[in-house]
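Asks: One structure follows; several queries about it will come next.
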Amino acid sequence: MARDYYGLLGVARNATDQEIKRAYRKLARELHPDVNPDEAAQARFKEVSTAYEVLSDPEKRRIVDMGGDPLESGGGAGGFSGAGFGGLGDVFEAFFGGMSGAGGGQRKPRGRVQPGADSLLRTRLSLAECAVGVTKHLTVDTAVLCDACHGSGTHGNSKPVRCETCGGAGEVQSVQRSFLGQVLTSRPCPTCRGAGETIPDPCHKCGGDGRVRARREIAAPIPAGVANGMRVRLAAQGEVGPGGGPPGDLYVEIVEQPHDVFVRDGDDLHCTIRVPMVDAALGTTVVIDTILDGPTELTIPPGTQPGEVSVLRGHGMPKLRSGVRGDLLAHLDIVIPTKLDGKQTELLRKYKALRDRDRAEVMSAQSEHNSGLFARLRASFSGR
């Protein structure tokens, strides 16, 4: 008597392929030996696997629907046959949601044509180059399209064929024993490296990779306002992918060189200006050779003190992709002379004498004012 394969899976005779697969996955989760060590469950798992093997095969299912039993008709033994596990994939899929590499839950092979990797170059820029922008001509060692096969990887008129090792799946599977029981593992096919295809007659120049290593000259436009550590992206200027795949991007990282005069802080520039003591006292004008505007006058007001900061608005670095510019901040260092000649010494002594006289006059006037005030206060109290 023919076995009731539909009953073993608990589905109707008119169940769809998806309904049959869902029923099998559910039972496999419950009965798999790694989950349920009971001997009765293991026997039931074999029956369920056999039923799925039969009903997932259109020809075998047709025999069942006609009242026959395909396994009794030479269709093969049930239980743990390779087909019964759908290449072991359906059991694995039942537990891990389609992560297996074979059967109904297999991943697609990645294919021979893959996107290329991104590349990174570093280039040194002066502060002036960062300020105005520049086009740097760089040399890069990268993967380029093979000019012999134009990326196909084949020689002459040969074409890729399905990998015999993995059957085109791109990966192979194995069952390993662990303390949890038998574990199914998948790994990329060692023959085709996950592509699912091999090339019987590969290109003599690139060896079937579709690309070769070469040195390229690249013109990299660097916009004004870049700073140290920034990366400029050049689309599709990276490495060509395996099989002639689309190239990745090239990133140019900025290495900003220190400047002799200016120190950068974001979009602002800082510098130190040495001002003679007399000029700081009387006021003066100094000229600063700015990065973008050349020689520019800076006014030092009379009485400027050491450490004060004078600002030139809009004379700093440009903001990236913006017309706005930062400021230039001049830190004033008042220089006191260490050596004086006789005339200079005499003049300074005269200045000191004048200053001392003025100070004495101020103090005398203040003293007289205080004396008059105290006298008025005494008179006020004595008159009471």
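Including glycine, each Cβ sits where the backbone N, Cα and C put it.
OK, Swiss-Prot features for this one:
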BINDING   C146, C149, C203, C206  Zn(2+) 1 binding site
BINDING   C163, C166, C189, C192  Zn(2+) 2 binding site
DOMAIN    4-68  domain 'J'
REPEAT    146-153  repeat 'CXXCXGXG motif'
REPEAT    163-170  repeat 'CXXCXGXG motif'
REPEAT    189-196  repeat 'CXXCXGXG motif'
REPEAT    203-210  repeat 'CXXCXGXG motif'
ZN_FING   133-215  zinc finger
Asks: Short question: which residues 6 or more past the ends of the repeat 'CXXCXGXG motif' (146-153) have a Cβ under 8 Å from it?
Replies: 112-113, 160, 199, 202-206, 208-212, 240, 243-245
Asks: Could you give the number of helix, strand and coil residues in the repeat 'CXXCXGXG motif' (189-196) as assigned by DSSP?
Replies: 0 helix, 0 strand, 8 coil
Asks: List nothing but the one residue from C146, C192 whose Cβ has the fewest other Cβ atoms within 10 Å; the candidates are the binding-site residues.
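Replies: C146, out of the binding-site residues C146, C192, has the fewest neighbouring Cβ atoms within 10 Å.
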Asks: I'd like the Cβ neighbour count for C203 (Zn(2+) 1 binding site), meaning other Cβ atoms within 10 Å of its Cβ, all protein chains included.
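Replies: The answer is 22.
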Asks: What's the CA-CA gap between C146 (Zn(2+) 1 binding site) and C189 (Zn(2+) 2 binding site) in angstrom, rounded?
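Replies: Checking the Cα atoms of C146 (Zn(2+) 1 binding site) and C189 (Zn(2+) 2 binding site) gives a distance of 25 Å.
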Asks: Around the Zn(2+) 1 site formed by C146, C149, C203, C206, which additional residues qualify by having Cβ within 8 Å of the site's Cβ center?
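Replies: Same chain, not in C146, C149, C203, C206, Cβ within 8 Å: D147, A148, H150, G151, S152, G153, T154, H155, P202, H204, K205, G207, G208, D209, G210, R211, V212.
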Asks: Counting across all protein chains shown, how many other Cβ atoms sit within 10 Å of the Cβ of C206 (Zn(2+) 1 binding site)?
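Replies: Cβ-Cβ neighbours of C206 (Zn(2+) 1 binding site) within 10 Å number 23.
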